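Remarks on the structure that follows.
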Amino acid sequence: MQSNDDIILEILQGQRTAKWPKAKVVKIFVASDKKDFVEERRLLLEFVGPELQIICDEYQIEVEIVDMHFGASERDGLCPRTLEDHLSEIKKCHEVSRGCFFISLIGSSYGQCSVPARIEDELFSELVKEDDAAADILRKWYIKDGDCYNIKDYGKLELPEWKVATDEIINALRAAGGVIEDKEAVVRLLRSTVEHQFNYAIELSEGAAHRMVNIIREFHYEHGHRDATAKHSRRDSETFKANVNSLIPEENQCHFTVPYKGDGSIDPDDEDHEIYLNKFKSMIFKKLQMLVKKSVKEDPDLKSRKKIVEENFQENITHLTMNYEDVKMDFSNSDIVNRIKEIVKGTTDSRHNPIVIYGQTGTGKTSLVKTLYRDFASWFDCKLLRIVRYISSTPRSAYNLELLRVICQQICIALKLPEGFLPKDASFDPLYINNWFQSLLRIFEDMNQKLVIFIDDLHLLNTLDTDPGSGLNWLPISLPRNCFLICTTGVELDAMRLTAVQKDRMKNPDCYLELPMADDSLSDQVESAFDELESLFGKPAVARLSALLTCSEYGFTETELLEILMPTSSNVSVISLENANFNFSTFCTIRRNMKPLLHEKVMNGKLIIEWRHWNIKGVARKRYLQNQETIRNTHTDIANIFFNEFCEEETSESEDEPAPLRSDVKETPFQSTIRSDVTYSTRHIEESWIHFLKSGDLAKLKGFTLCNYDFLLAVVHTISISYMRCILEHVRCYILDREIELVYHAIRKATDILTKDTYQLGTQIITWLRPVTDRSSSGGLMNSLVTAAMAWCDGFTLPLVVPLTDWLQPPLPSHSRTINTPQVYLVESTPNGQHVICCADSDPQLWHIMTNQLVHTFKGHSGKVICMAVTRQSQYLLTGSEDTSIIVWDLRALTMTLRIFEHIAPVLCITSALNNSVIVSGGDDSSIIVTSLGNGKLVMKIDHHRGPVTSVKVTSAGDILVSGSQDGNVCLWSLEDFTILNTISLQSGVRMIDVSSDSVFLLASCMDNNLHLRTLATGTELHSLAEHKSRVKSVCLTQDSCRAVVGCSDGRVYIYDVHSGKLAKTLTGQNGEVSAVRVTEKDDFLLTAGGNRVHFYPFRSDDTVKSLLKLNKKSQHHLLPHTGYLTCIDVSRDGLLAATGATDHLINIWQLNSHELILTLNSHSGSVTAVSFAPSSLFVASASEDKTVKVWGLTLGSLVSTFKGHQAPVITVHVMMDSSRIISSDRNDTLCIWLADNGNLLHSYTGPSNYVDVTNNMKYALCTNADNTLKIWSLIKDDEKFHVGHSEEITCFVLTMDSLHVITGSRDMSLKVWQVSGGKLSQVLIGHTDAVTCVAVSVADKSLIISGSCDSNLIVWDINTGADVHTLSAHLSYITCVKCSGDGSIAISGSDDKSLIIWDTKRGLPLTSLQMHLPILQVETSSDFSRISVLLKDTQYMPIICLHNTPAKYVKLPTYCAPDKDIIDNPKPAPKRQMRRLLKKEVSLDTYTWQKKYAHLTSNLVIPAVDERFKRRFSVSASMEEISKIPQKDGQPGLPNKQGSLAQSQHFDQLEALWNKRSPPRRKLHQSLSKQSSLAESHLDSSDDDHF
């Protein structure tokens, strides 16, 4: 018997297997009489179904309980044809449902008999043989149709009339049936509806009875009650029950006896009935749960243990299932198939072109692909790998990047390539994917196996590329032998997004084929089908259902459709088609009638309903989605079903709604509890975001999806990072938004590392976006996103590297977008920021920014438009022209609403005021005119200026008008009574002005080209902005009131700081003079218009380079952040403090626990080259290029001593273990040993000076100049000197803690272990294939050595045997540094690939990693790696990192050694130190909540047995912040003395006891999937957990 893995491999190779995946659905039909079991059916829908869904979520199974009586009218129950629809639904349940598919509820009464919809011809003849009243009634109601008699149309009868007719027909059948020979035939016709349904279900298959549940409820009659059921009904009921009992297995039956009360119905408020209902609910739930689990156990799903394989398998099975469906158009032995066979057979031994088949809609392209797929196997005798994709049928086949990625991975899996499913250097960058695809194709050239890739409807592929010539550049123009690519397209070759070379090569007749023209009748047939549906169900119902299916991207599950179409507010009210709503019955009926139009597919285990053909979708769109409002509302309905618990009812549209474009969105604050409550499923990822986009709801699009950490995490873990990029790029095709830009560029910069390690998503979000949130006091989505990422990291139970400080600037590029327009001289942004209005030539034009499309041209002025303004709330455009008129345009309807003629000369400036109720304009006639925005009537005319009024502005408060004129005056007016408040006189005429949003600053550009910055209230001159030399063309002040933007004729944009008046930045690259500059809402973007282009720049002040430091506000010292690049770092032995030196001459001291800057030491006059903490942590020594070494006391931050004995720049410094002597060296190869407290020189030596170290027992010093030798000399005996060496340069060395050995690494690719005393060689370690770059040893584990090399690998060595225990391979470039934890259990390595990796040295596995995005030079750590300091190349920041859940034990390093002590004993590992949580308790998630939200995404992790104290830390009431505060209580900031250490140790013990006492037990995570390619998934299987 084949294993699951073998079957999956066959399917991925394109073969049809006996075992084929099915939809993961539990669909149960509930059969009962409508008037009976009302409360029981309510319980099934409201309680049993949801509870069963919770159980089935574990198996990713969707549950649907089908109650045909829910919301059905009495007329629906009497409809003869409804029974046939119900029987069809039972058959569907039987086909798709896992476990139970049918529940029968049988009560005391037999139930309603339904009128038969048809009677067989022979039986009908027997029934009417007697010419009596019964025969007349039957002849009246039945008409012959072929070989049977069908009931006539009764639709025009009122309900009472039809009820009378029903009784007549049933009585007539009984009467006629009593005299015929085959009485059983009539009995079968007159069965109750429930019995009909039960008999049909039991006969569907041999084992159907084992998948059915039967409930029988009997009433117990008390004295005074009697069974009022008719005798024949009781008889039929007893017969039916006996039959059911004999057919249904006993374990699938439930029998209840209920006291009869009242009118015989079940009253949930009655105590006895309540007991019965609780038993009913409990028993039926257990039965259904048992059947589902039994089904899953007996017929388990095909599922791979590897995430990548499972992902590809689910994608492939969707396309293969569609491929093996019935072929609608027969192409067997057709000319086109024979032609393709001829081409393929003729190119088997040479390079060749792909085959592109063009065909219009309805020509049978899909049927041709299915035919070719099946025929291809018969054309060749060798092994065949077939891959088929139907474009846009799944999310992964909708986008260029995803399509190619999944195909590449499927080829790797199918071929079982030795490098695995994902190359070590894998990246989901488009260029990498393209090269990967080409390299995989070349593999087949030397194989006896052929690859065939079929792609249907290539033109539907979303390329997400604005360049029409590069969308499909991955499509090969020349294929290797044994590789074939066959594509179909619905557009001609010239219209495809191909490069010119591709188009030219593919015009070859052996490459480009055309199908014959299609019959035009297909659209007419679809129209006729819709007409017929409307006649049966009404246009509103058909329109609503069709609109939903049309707006769907990939289809709906039946449950999703019913959530929209079926109101559930009441279980007794009728759900009517007239209101475009459906109940189970009407939905079942319309689905049956729409079957020719619909198609079902299995996608990720879900049964999806969609249109059968794109042509049907097109007809439905044209027919039912005729206006933008309908489209938006439909998309809103769809989006809300995924978040229906959190979306409030939509209110009616207000007048302030934005323009009717897809990207038009009214910005509103997003408030939702979704961040803490929603668990995102695959369907959320596939469908929800696109509908928020198309509905125009930008707030929910960001808040629920793109800027929501839970959504991002679900996308990356359930699909891929490349799909995440596709989503963001898709949205960016329509939306320009700063927060989306931030997320997109953060994801883009992290793509490479997230390809390999998806569990770095949280840390990458923190790394890139926390600098943005730290600078913003207002919080917002970015703050929520980063907080959620930190909460996820906080709850992660495996080791995880989390950054605590920031070192990267926000990821936004300097330039976001450029749109090409005609020559622009005016520009304004719409309030939603998605459109710009440009004045080119004479008429304003509305342009959509991200698509660069012209939306509308506002025609109405007869002269050139000179000025324009956009109202901020009411969505109006105001334009003033040379023709002296003002026009008000409605941006929603894109129509003219008002024309005003009040000026007698050209209108030069315009704005709105008084909450957009009036228009204020200034003209060449020297007047200011105020008119009503509502009716255009004159409100006020002000003739004060003595020259043309060139600019008018209104303050943000809306109470003051500011006007500027060529008469050289700026006037301030009260808008309440239009009185003048102040006049500011300038030396020259005013050309343009702007007022800051805080109404403090006035910026005026004058005719003499001077720019004046003054106070608005008094007109006091603040600055004259004079850095620009060319003529000023445009000005504006930013909304943060901090910057002035000036556009000039030289094509440059000058940005001034308004507080200092200095030039802050200059933007170049404009196309001609900068005629207009504007900033969007909140300064998100700067718009500059010049020539025929409008440029968009990210422009928040937060986006510029700022300090990322966290300063200790309580410090009494003057703290200065580094302004130069860091050159050196060191960490104190107790792991509490870090020191940094930089080229700015400063030394900064950091508290690692709180990651705050606590001291700045400033006295050097040259770059600091080295820093070293005293082992006692009482002082730090610093070396500098100023030829001095300084000793700084850490208690007061004061300078203790300065050593000036060097005559050259000092390059190294080291404090000896007695904390009293210091050794330093300079570039002249002079080494000095001197006293720390006074700087007195003790000894001076000449020797190598680049790298210097001293043994812990202070007997020997070691040094080298990176040449072939290492010098060892005794600090006690002058004549004791040794030289050890390699054949090539020594690159690194390290001393063991016991001072017995030194290990050297060299360019000769070897390491050597030397005895310090005597310099004898003990071991030679050979294993690296390139130069050794770094080496580290453990403190507690004497036998452990780990080394890094230029071969990108690390090796763990045994110092005693010289054996290479593990080779650690994960880096992509040479290793720059490595450190071991104190207990030797883990190590950290940094590389030129900019990544840090934490390794398990015992098992040789990577535990976690962090991409730093800058080359790493050095790492310094605390003993247990709980804090890590990193020195990066060319940066002024030192990242402080936390290894969350570190598995290393804390080892307390010795802080003092007496000079006469020979060897320092290795310290013993101490109990692990408790760690602080990353977030405050109020923000952090408790363990239960974290598991509930994220366990389904991390279920493929093998969770090792981490210390229980870490697993339970989220319920802790105490904070680890207390620990960091203990040392300060004794008056020494950041410096624990003996009392502080003792108190800290006691506090650890107390806190541990408190946690163990109060913490609740932790829920377990799933551990079901095996090791994956990501670093976080690279643990051994669960059998290795006990080693963790």
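We count from 1, first residue shown onward.
Glycine is treated like the rest: Cβ placed from N, Cα and C.
Summarising the annotation, TrEMBL assigns compositional bias 'Polar residues' to 1538-1548.
Marked as compositional bias 'Basic and acidic residues' by TrEMBL: 1578-1588.
The domain 'Orc1-like AAA ATPase' annotation in TrEMBL covers 337-465. Counting residue by residue with DSSP, the domain 'Orc1-like AAA ATPase' (337-465) contains 63 helix, 23 strand, 43 coil.
TrEMBL lists 519-631 with the feature domain 'NWD1/2-like winged helix-turn-helix'.
If you look up TrEMBL, you'll see 1521-1588 marked as region 'Disordered'.
Taken through DSSP, the repeat 'WD' (858-899) splits into 0 helix, 23 strand, 19 coil. The repeat 'WD' feature in TrEMBL is assigned to 858-899 (among others).
Long-range neighbours of the repeat 'WD' (942-983) within the same chain, counting only residues 6 or more positions beyond its ends whose Cβ lies under 8 Å from a Cβ of the stretch, are 905, 908-915, 920-930, 989-995, 997-999, 1002, 1004, 1006-1007, 1016-1019. Under the heading repeat 'WD', TrEMBL lists 942-983 (among others).
Annotation source TrEMBL lists repeat 'WD' at 1025-1066 (among others). In the predicted model, the repeat 'WD' (1025-1066) has a mean pLDDT of 93.
Taken from TrEMBL, the feature repeat 'WD' applies to 1119-1160 (among others).
According to TrEMBL, the feature repeat 'WD' maps to 1161-1202 (among others).
A Cβ distance under 8 Å defines the sequence-distant neighbours of the repeat 'WD' (1203-1244), meaning residues of its chain 6+ beyond its ends; these are 1166, 1169-1176, 1178-1179, 1181-1191, 1250-1254, 1256-1258, 1261, 1263, 1265, 1275, 1454-1459, 1464. Annotated repeat 'WD' per TrEMBL: 1203-1244 (among others), in sequence order.
Look at the repeat 'WD' (1283-1324): DSSP puts its residues at 0 helix, 25 strand, 17 coil. According to TrEMBL, the repeat 'WD' annotation covers 1283-1324 (among others).
Under the heading repeat 'WD', TrEMBL lists 1325-1367 (among others). Sequence-distant contacts of the repeat 'WD' (1325-1367) (same chain, at least 6 residues past either end, Cβ-Cβ under 8 Å): 1288, 1291-1298, 1301, 1303-1313, 1373-1384, 1387, 1389, 1391, 1393, 1399, 1401, 1403-1404, 1423, 1451, 1453, 1466-1469.
Note on the repeat 'WD' (1368-1409): residues 424-425, 753, 757, 759-760, 798-801, 1330, 1333-1341, 1344, 1346-1356, 1415-1421, 1423-1425, 1428, 1430, 1441, 1443, 1446-1451, 1453, 1467, 1469, 1575-1576, 1578-1580, 1584, 1587-1588 of its chain, located 6 or more positions outside it, place their CB under 8 angstroms from a CB of the stretch. Marked as repeat 'WD' by TrEMBL: 1368-1409 (among others).
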Secondary structure content of the repeat 'WD' (942-983), with strand meaning DSSP E or B: 0 helix, 23 strand, 19 coil
Sequence-remote partners of the repeat 'WD' (1025-1066) [C-beta within less than 8 Å, at least six residues beyond its ends]: 991-998, 1000-1001, 1003, 1005, 1009-1013, 1072-1079, 1081-1083, 1086, 1088, 1090, 1099-1101, 1104
The repeat 'WD' (1368-1409): DSSP-derived helix, strand, coil residue counts: 0 helix, 25 strand, 17 coil
